[in-house]
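Taken from Swiss-Prot, the feature Zn(2+) binding site applies to Cys138, Cys141, Cys158, Cys161, supported by sequence analysis.
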Amino acid sequence: MSEKSIVREAKDIRLAMELITLGARLQMLESETQLSRGRLIKLYKELRGSPPPKGMLPFSTDWFMTWEQNIHSSMFYNAYRFLLKSGGSVGIEAVVKAYRLYLEQCPPVKDQEPILALTRAWTLVRFVESGMLQLSVCTKCNGSFITHAHQPASNYVCSLCQPPSRAIKKRKLSANPADINLQLLDGLEQFRM
């Protein structure tokens, strides 16, 4: 009979608390810690004040392909890849650090969830590792973006270089100072010779 390590359990509890605080779903907690489902539910209720949401995890690569989600997913995954290459982090630690970097660069709008939730970011890493998604380089800006695996990359153009028309409409409605500055610059384009 294997004896439970108190140190291992303490690390799992600390990790579970950090993941819950960042918005992880129960399935992610079960996968990344060795704590029982009952203990995780108890911990979740204690930290969040409500039971964890029920239901299956998202299992579609298509979510990552829509223009806005793709930009956010690509930002997260590039941060994750940098952390792996620099040797500073691996596994769930790299996911958490990359997600914190993502939130720092793309803070959610007040009273709204971030576009890329932690569980989706974790799922993205698993999709890339399993070969369902990949990074492709944009032929215009040379940025690396998430695409379907085995998609021809020779003519790939990202949604920043070639935004869909609905993206431009959304930007014009935005109160975000960065978007307003871009709108002003767009307006000045007509005066260029």
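Cβ coordinates are placed from backbone N, Cα and C, and glycine is handled just like the others.
All features noted in Swiss-Prot, drawn onto the structure.
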{"residue": "Cys138", "record": "Zn(2+) binding site", "Cβ within 10 Å": "19"}
{"residue": "Cys141", "record": "Zn(2+) binding site", "Cβ within 10 Å": "12"}
{"residue": "Cys158", "record": "Zn(2+) binding site", "Cβ within 10 Å": "23"}
{"residue": "Cys161", "record": "Zn(2+) binding site", "Cβ within 10 Å": "13"}
Secondary structure at Cys141 (Zn(2+) binding site), reduced by DSSP to three states: coil
Env. residues of Zn(2+) site, Cβ within 8 Å of mean position of Cys138, Cys141, Cys158, Cys161 Cβ: Thr139, Lys140, Asn142, Gly143, Phe145, Val157, Ser159, Leu160, Gln162
DSSP-derived structure type at Cys158 (Zn(2+) binding site), helix or strand or else coil: coil
